[in-house]
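Chemist: To start, I am sharing the structure in question, which I have written as structure tokens.
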Amino acid sequence: MPIVSWPELLEKLLSTKEISEIEAKALMKAWLNDELLPVQTGAFLTALRAKQISGLELSSMAEVLRDACLFPYPLPEVFMVDTCGTGGDGADTFNISTAVAFVTASCGVTIAKHGNRSASGKVGSADVLEGLGIKLNAPLELVVKAIEKNNITFLFAPAWHSSLINLAPLRKALGVRTVFNLLGPLVNPFRPKAQVLGVAKSELLDPMVEALRNLGLERAVVVHGAGGLDEASLEGPNEVRFLENGQITSKTLDVEELGLTISPNSTLKGGSLATNQDILRSLFQGRGTQSQREVVALNSSLVFWASGKELDLKKGVTIALEAMELSKPLDKFNELKCCLE
């Protein structure tokens, strides 16, 4: 017998009430164990989408997912940072957080980048990295070794979260974003102690930063970019939540105060896989457009803050721009590529 009544739990969600930690964990375990009918799963996913998700609901589900993750190795004993967005902003930008991962790693930050292919026909982090020569199906021991040897690695989500495979057809059939799009950034198998996470909607700022706090992160930045970007944006003021030692601070980030130029999000457009690959190659060598370089530097400054490397965001911007100018991200990319071969 389930520890909760599924009809009662569904009714609770449909009434837009917050479900408890026990209920959220029971629901996730039922999904992972294939205990619910497809129609029940569809109803729960729809009900969760229709209500305002809470930090407790997210962290409770994420804990179950992390525990179910395949990880037959000791966790790397280094202070790691993940950088990603939830997606769903519709802006079709190039792979900003992927570029940021290599820029910041080239400056000494240890990056555990957790990502996947795009489910929307766009170009996800895994798509662009594979196109550039990163081996997604590398033996998991090499993925672990890379972070110890090169201070950066890429964790291809399906290789670690095989328990979610049975849900993939239903999620695809629903055709809309679900709670799993929010959970993806929260379930990095390496359990980094710091993270920079972008959200496409401002109402997700507080639930996501609260979830990160519940999951035990020491430092984190959750950002909602101007113009609805799930990255820090050059278009205008960015809403930010900073998490440090359990304390959450809300701030508005003015890009001009950081020495950057206001630019519309349209200047950050990506395109085909080949286009996005070319943009990353250019940025890794200090080329690309001014807007492309500056948005990567802006988001890199948040990673530097989260890592503790540089708490002054303006100085962080300068560090990132100089790294690109010296082609340091390209060297770091080539190191990872060789390590995973």
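A Cβ is built for glycine as well, from the same backbone N, Cα and C atoms used for every other residue.
Dumping what Swiss-Prot says about this protein:
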BINDING   Gly85, 88-89, Thr93, 95-98, 113-121, Ser125  5-phospho-alpha-D-ribose 1-diphosphate binding site
BINDING   Gly85, Asn116  anthranilate 1 binding site
BINDING   Ser97, Glu231  Mg(2+) 1 binding site
BINDING   Arg171  anthranilate 2 binding site
BINDING   Asp230, Glu231  Mg(2+) 2 binding site
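Help me picture these features in the structure, burial and contacts included.
Modeler: In sequence order, Leu229, Glu231, Asn265, Leu268, Lys269, Gly270 make up the list of same-chain residues 6 or more apart from Thr93 (5-phospho-alpha-D-ribose 1-diphosphate binding site) whose Cβ falls under 8 Å from its Cβ. According to DSSP, Thr93 (5-phospho-alpha-D-ribose 1-diphosphate binding site) is assigned to a strand segment.
In the three-state DSSP scheme, Gly85 (5-phospho-alpha-D-ribose 1-diphosphate binding site) falls into the strand class. Around Gly85 (5-phospho-alpha-D-ribose 1-diphosphate binding site), the same-chain residues six or more apart in sequence whose CB sits under 8 Å from its CB are Ile96, Ser97, Pro185, Leu197, Gly198, Val199, Ala200, Asp230, Glu231, listed in sequence order.
Following the DSSP three-state reduction, the secondary structure of Glu231 (Mg(2+) 1 binding site) is coil.
Arg171 (anthranilate 2 binding site) falls within a helical segment according to DSSP.
Every protein chain considered, the tally of other Cβ atoms within 10 Å of the Cβ of Asp230 (Mg(2+) 2 binding site) stands at 26.
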Chemist: Just the number: how many Å between the Cα atoms of Arg117 (5-phospho-alpha-D-ribose 1-diphosphate binding site) and Arg171 (anthranilate 2 binding site)?
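Modeler: Rounded to the nearest whole number, the Cα-Cα distance is 15 Å.
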Chemist: Any idea what the Cα distance is from His114 (5-phospho-alpha-D-ribose 1-diphosphate binding site) over to Arg171 (anthranilate 2 binding site), rounded to a whole Å?
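Modeler: His114 (5-phospho-alpha-D-ribose 1-diphosphate binding site) and Arg171 (anthranilate 2 binding site) have their Cα atoms 20 Å apart.
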Chemist: For the binding-site residues listed here (Ser97, Asn116), which one has the lowest count of neighbouring CB atoms within 10 Å of its own CB?
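Modeler: Checked Ser97, Asn116; of these binding-site residues, fewest Cβ neighbours within 10 Å: Asn116.
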